[in-house]
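Annotated features, as they stand in TrEMBL:
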- E104: active site, nucleophile (ACT_SITE)
- E108: active site, proton donor (ACT_SITE)
- 1-218: domain 'GH16' (DOMAIN)
- N112: N-linked glycosylation site (CARBOHYD)
Amino acid sequence: MASSVPISTMGCVVLGVFIAFAMVGCVSSSRFDELFQPSWAFDHFTYEGELLRMKLDNYSGAGFSSKSKYMFGKVSIKIKLVAGDSAGTVTAFYMSSEGPYHNEFDFEFLGNTTGEPYLVQTNVYVNGVGNREQRLNLWFDPTKDFHSYSLLWNQRQVVFLVDETPVRVHSNLEHKGIPYPKDQSMGVYSSIWNADDWATQGGRVKTDWSHAPFIASYTGFEIDACECPDTMAAVNNIKRCSINGGEKRYWWDEPTMSELNVHQSHQLLWVRANHLVYDYCTDTSRFPVTPVECQHHRH
């Protein structure tokens, strides 16, 4: 039977059925080192109890990755982004599989000059193909406090959430002949790096290293997902983690999770109307012919 990390109590599993519509799993925050490990620039990490700080300076950025890979579920991290002049910096939180035909779900937080809003860029890669960027500004200052950023992934949809508010949905449109990410296990990652060739105002504003180090802070590490052991063949992981072949139904496979509920749909409409600043679906200079998935829905 596929395992869920962290392990919930039986009471939580039952409760999860009733509250699944709210996209809230029964999971408590874990310490960083229970779920993750630094992947590069180990000396750019500092730990204070439940808090992790990761820095970018003119020597290096830094990054961390999950110890396990997963197929379907929900991952969340609370992040406080680089304060002050963060122009040229990018902090990313994402899920990704491996290989040339990888799948990936990205949050990228694009730094800005002091007083200008952060931009959040989301992207979806399927079978190695991305170019599905959306950008939005936030309804709060993400440098002042911790806010949760989450990815919900099941066989019907990928939902990007900010403080549990959906900001993007990527739906399964296989019936339209569009590939959907459902057969590759994914790791969970975060990194901070210098991207002043493109991150801020198209690369016009460069990183001011006199303001270094640039520090992103993390807490609230949560992974409630189907874990995929490296020792198991991919086809067996798919069977274990899928609604059809698995020995149990996970909360994210409940029928209520196959699409947004009415309240969440209204939240997404509000985000798109008030905070979306770029959508690849409407960029006719890049895509003279509207991408097929955009013709079906405007998420």
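From the backbone N, Cα and C atoms, a Cβ is placed for every residue, glycine too.
Annotated features taken from TrEMBL, shown on the structure.
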residue : record                      : Cβ contacts under 8 Å, 6 or more apart
E104    : active site, nucleophile    : Y94, M95, S96, S97, N123, V124, Y125, G130, M186
E108    : active site, proton donor   : V90, T91, A92, Y94, V120, Q121, T122, N123
N112    : N-linked glycosylation site : S86, A87, Y118, L119, T200, V205
